[in-house]
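Copied from TrEMBL, the annotated features are:
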type    : residues                                                                    : note
BINDING : ASN94, TYR97, GLU98, CYS152, THR187, ASN237, ARG242, SER253, ILE254, LYS255 : Mo-molybdopterin binding site
DOMAIN  : 114-271                                                                     : domain 'Oxidoreductase molybdopterin-binding'
Amino acid sequence: MLIKLPKSSDCNESDVTPESVYFSRRSVLGASLAGFALGALPVLGQAAEASRYADVEAGSTPGWFKDKLGATRWQAVTVKDEAITPFKDATHYNNFYEFGPDKGDPAANAGSLKTEPWSVVVHGEVGKPGRYALEDFVKPLQLEERIYRLRCVEAWSMVIPWLGFPLSEVLKQVEPTSKARYVRFETLQDPKSMPGQRSGFALIDWPYVEGLRLDEAMNPLAILAVGMYGRELPNQNGAPLRLVVPWKYGFKSIKSIVRISLVAEQPKTTWQGLAPNEYGFYANVNPQVDHPRWSQARERRLPSGLFNPNVRTTQMFNGYEEEVASLYSGLDLRKNY
Ligand SMILES: Nc1nc2c(c(=O)[nH]1)N[C@H]1C(S)=C(S)[C@@H](COP(=O)(O)O)O[C@H]1N2
Ligand SMILES: [Mo]
């Protein structure tokens with residue numbers, strides 16, 4: 001599969017001090033990245049690549065992940081001239097309400113999540129339904145590094161180097177039937193290991209549910225991630241398997257997935273169900289359509305502090321307009337927020 005790296009993915013703003021991490025990567029790959037096609041990318045050694053992420057804590061690295069990591073296609077998609085968010089921020093400023101409502105709760109509490117063994121049920125309008133052990137689920141897939149902006153609906157953002165594979169590859173393998181029009185995802189429900197599910201936080205009707213239209217799910221930018229920063233996913237970031245949809249607000253990128261269903265009707269999703277006037281099914285990043293309680297025109301890019309809030313302009317579709325705008329031609333994005 002060949003994905004072109006469109007120019008609009010690149011951000012040319014130079015108002016952010018690049019992290020040392022970012023510079024060392026650039027010096028490895030040099031200028032040869034400009035305008036490349038995926039297939040032309042050099043495959044670098046695992047050690048060289050992983051060492052770029054100097055501030056990353058070692059994980060437990062399950063065996064199936066180690067096997068995959070060696071053949072990773074590094075930098076399959078990247079953002080130009082934007083610093084990668086430090087690992088510490090990406091793993092200590094989280095939304096994962098199953099582990100509590102505050103940004104620090106997931107890092108403090110997600111250690112109780114047991115991610116091995118893990119299985120994923122694929123069912124509904126598919127030719128090949130089944131329950132797959134995670135290691136079997138990932139076996140036919142090649143890991144790719146995708147460096148994406150993540151824009152939360154709360155108006156903060158990060159740049160995260162994910163490791164994952166295109167969702168389309170998984171969907172093709174399970175053979176959606178002609179009735180399949182949407183994909184529905186479900187997070188693990190386990191009040192024993194997820195304290196937020198015991199307290200019934202914010203009236204969420206667990207499990208957390210998200211969904212995409214099938215054509216959105218087939219877009220090459222939509223991935224299922226199993227890692228970040230050259231290692232497996234930390235629990236607080238949605239281990240062992242999460243969705244990443246970079247042109248949509250972060251709440252679409254559902255964590256710790258146990259069920260993927262191909263369905264005919266638009267799924268009822270968690271945040272839309274909680275506050276339908278504030279959170280829509282589409283949730284495309286759109287600086288022109290404000291949240292009822294705050295503007296979406298700008299965002300705080302982490303790390304962001306009192307003296308340097310690091311504010312930047314929010315881009316249409318989070319900077320992925322060229323790749324995804326055609327999915328929404330003829331759709332009123334004000335009504336379908
Ligand atoms: N299961 C589940 N998935 C979730 C959430 C959640 O609370 N539960 N929060 C979402 C929100 S609001 C955001 S912004 C992202 C945050 O991902 P990160 O913590 O890895 O940055 O995860 C999303 N996925
Ligand atoms: Mo979010």
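Cβ atoms are placed via backbone N, Cα and C, with glycine included.
Here the features listed in TrEMBL are placed on the structure.
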residue: ASN94; record: Mo-molybdopterin binding site; Cβ contacts under 8 Å, 6 or more apart: LYS103, ASP105, PRO106, ALA107, GLN236, ASN237
residue: GLU98; record: Mo-molybdopterin binding site; Cβ contacts under 8 Å, 6 or more apart: THR187, LEU188, MET194, PRO195, GLY196, GLN197, TRP206, TYR208, SER256
residue: ARG242; record: Mo-molybdopterin binding site; Cβ contacts under 8 Å, 6 or more apart: LEU224, ALA225, LEU233, SER253, ILE254, LYS255, SER256, ILE257
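The local packing around ILE254 (Mo-molybdopterin binding site), expressed as other Cβ atoms within 10 Å of its Cβ over all shown chains, amounts to 25. With a cut-off of 6 Å between Cβ and the nearest atom of ligand 1, the binding-site residues THR187, ARG242, ILE254 reduce to THR187, ILE254.
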